[in-house]
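As annotated by Swiss-Prot, D-ribulose 5-phosphate binding site applies to Arg37, Glu38, Asp42, Arg150, Gly151, Gly152, His153, Thr154, Glu174. The Mg(2+) 1 binding site annotation in Swiss-Prot covers Glu38. Here Swiss-Prot flags Glu38, His153 as Mg(2+) 2 binding site, drawing on sequence analysis. Residues or ranges marked as site 'Essential for catalytic activity' in Swiss-Prot: His136, Glu174.
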Amino acid sequence: MNQTLLSEFGSPSQRVENALESLRNGRGVLVLDDEDRENEGDMIFAAQNMTVEQMALTIRYGSGIVCLCLTEERRQQLALPMMVERNSSHYQTAFTVTIEAAEGVSTGVSAADRLTTIRAAIKDNAKPTDLNRPGHVFPLCAQPGGVLVRGGHTEAAVDLTTLAGLKPAGVLCEVTNDDGSMAHAPEIIAFGRRHNMPVLTIEDLVAYRRALMREVS
């Protein structure tokens, strides 16, 4: 990733710290992956404090595929089977079956309904019967070990919310341009300026986590 493009958002460690503070304060962040990987930017919000307005923003400026990133432990708590037995997607993106809140939604498509579904899935005492299947929210299961094991947006969402001291669950959606094409670094940076969202890379988060591990050891 071209570090010059991101310099206005601080050093790599500052970018992570800014992202954590943003999530704690109920704001979103923008996460870029490697140029040799998907080369895309995702909006990420903490599931715990996401608002209807933020969900509407996500739907309006994103791909429309709103994903809820969960730990394996939470996936098992909700008894969510994986979408397929054999994952042949290029980056092994770990989709489960889609979900809908069993109560409190109409068609499940609106910003309010999707947020109701997310809140049902992350509440402390959530159980499988709280959710109907299929639905309009796409859960993703993060790899244990996070970005140190898999450098994906799913793992970044769970790592960031965990490091922020929030529930380990994030809502993400790929950012798209007005013409429907995928947004890359220059467009993501411009989007961050417009919507007051810090930008960081998965590479930043990997380095940050490794530094924390060195401090502990």
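Heads up, residue numbers simply count up from 1 along the chain you see.
Backbone N, Cα and C define each Cβ position, glycine as well.
Shown on the structure are the features that Swiss-Prot records.
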residue	record	Cβ within 10 Å
Asp42	D-ribulose 5-phosphate binding site	30
His136	site 'Essential for catalytic activity'	19
Gly151	D-ribulose 5-phosphate binding site	20
His153	D-ribulose 5-phosphate binding site	30
Glu174	D-ribulose 5-phosphate binding site	19
Measuring Cα to Cα, how far is Glu174 (D-ribulose 5-phosphate binding site) from His136 (site 'Essential for catalytic activity') in Å? 16
How big is the Cα-to-Cα gap, in Å, between Asp42 (D-ribulose 5-phosphate binding site) and His136 (site 'Essential for catalytic activity')? 18
Could you state the CA-to-CA distance between Gly151 (D-ribulose 5-phosphate binding site) and His136 (site 'Essential for catalytic activity') to the nearest Å? 26
